[in-house]
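According to TrEMBL, the features are:
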- 3-83: domain 'GST N-terminal' (DOMAIN)
- 85-209: domain 'GST C-terminal' (DOMAIN)
Amino acid sequence: MPGKPKLYYFNGRGKMESVRWLLAAAGVEFEEEFLETREQYEKLLQDGSLLFQQVPMVEIDGMKMVQTRAILSYIAAKYNLYGKDLKERALIDMYVGGTDDLMGFILMFPFLSAEDKEKQRAFIVQKATSRYFPVYEKVLKDHGHNFLVGNNFSWADVHLLEAILMVEEKKSDVLSGFPQLQAFKARISSIPTIKKFLEPGSQRKPVPDDKYVETVRRVLRMYYDVKAN
C-alpha cells in the first residue's frame, strides 16, 4: 500500500504551492520535508533524487518526480481532475498555461527590492485585469457552466482560484469588474476540499516573508538580485 505523497521544498509557497493546492483539492493527505539548510539540498543532489538538480520534488507512487508541470499533470490525471477526453485535456492545459504565466509574475515578487515591488505590483494587476482575467470571464460567460472545462471540476479551476487569491493579495478589489469570476471564486471556494484547505491550520502557505526569502537564498546560494518585469 503506497504511503502519502511526500513534498520536498521550502516552508513557503514558491513552485510547490500549486502542488499543495491540487493534492488538497483531490482530498489527498501529504507529508512535507522542508529544506532549511544547504546540507539538506546537497544530500538530495548526492542521492540522485533531483533529476535536474532542482526542487520541487515529490515522492509519489514509487517515483521521485521533479518538474512542476509534470508533477501537476500526474496528480491531475491520477485523481480525475484532467478532463474526460483529449479535447478537454487540451483546454485544461491551455487555461493552466495562461494562469501559470500570470503566476510567474508573482513568483519572484518576494525577492524584489522595495522599489521594484511597487512597480511589479502595478504590473501584476495590469496584466491580470487586461490579459488574463478577461479570458476566463468570457469563457465562463459564453458557456454558462460552473467550471472552466466540461462543467466538471478540474485542475484548471483549482489553478485559477489560486491565481485569483494571489492577485487579490496585491489588490483586494481586483475582481470588481469581473462578475463571472467573482461568482466562480465563491463557488470553487465552497467545494469541501478547497474550503478545508483555505481554513487556518491547513498546509496552505502564507504570503512569503523575509525569513522564507533568506532561507531560499541561503540554500540555493542565490547571490544575485532579482529584477522586476
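Cβ atoms here come from the backbone N, Cα and C positions, even for glycine.
Just so you know, TrEMBL annotations are computer predictions that nobody has curated.
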Taking DSSP H, G, I as helix and E, B as strand, the domain 'GST N-terminal' (3-83) contains 32 helix, 16 strand, 33 coil
Of the residues in the domain 'GST C-terminal' (85-209), how many are helix, strand and coil by DSSP? 87 helix, 0 strand, 38 coil
